[in-house]
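Feature list (source: TrEMBL):
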- 1-21: signal peptide (SIGNAL)
- 26-192: domain 'Thioredoxin' (DOMAIN)
- 64-68: disulfide bond (DISULFID)
- 64, 68, 156: Cu cation binding site (BINDING)
């Protein structure tokens, strides 16, 4: 009888600890690497500045002639939807430039403003070498960034990623589709 009670307690403890192990359900779990980059206001932003809140991440560049303009407009729309849902203080938006040579802070700021963005909870980041963002994108989000040959265009992913308050990317959405912004808000509400 004593062994049965001990076994039951042990099983309960194991189940309890397993339940505590991963607070958020996602499609994957990628640890976002540490960084310190420069935002649209010329201020340093690091991963530790974002800890404790959800973040939504994308990769863009201002000279992009294809997917970046609608993705940036969708990020601005997401910002408005988060505000309407009362989540603007709970969620940071982060856009990493994949063209840091051209995208200085002023250029990024003007680019987002032209598409309806504001900066209470949105950081557009630059201030690193191309190889740094290429490696960061692969390591943290499993997403390739490549300079296209004989072109000023850069190949990059079009996903928006949810990152947990602990700094793990767990879900992604097609950032080109405006309808996905509502889904992101719903998913963050469900996890909050």
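Heads up, the Cβ atoms here are built off N, Cα and C, so glycines get one too.
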Could you state the CA-to-CA distance between residue 68 (disulfide bond) and residue 156 (Cu cation binding site) to the nearest Å?
10
Centre the Cβ atoms of 64, 68, 156, go out 8 Å, and tell me which other residues of that chain have a Cβ in range of the Cu cation site.
59, 60, 61, 66, 67, 71, 98, 99, 153, 154
If one measures from the C-alpha of residue 156 (Cu cation binding site) to the C-alpha of residue 64 (disulfide bond), what distance in angstrom results, rounded to a whole number?
10
Site of maximum Cβ density within 10 Å, from disulfide-bonded residues 64, 68:
68
Within 10 Å of the Cβ of residue 156 (Cu cation binding site), how many other Cβ atoms can be counted across all chains shown?
25
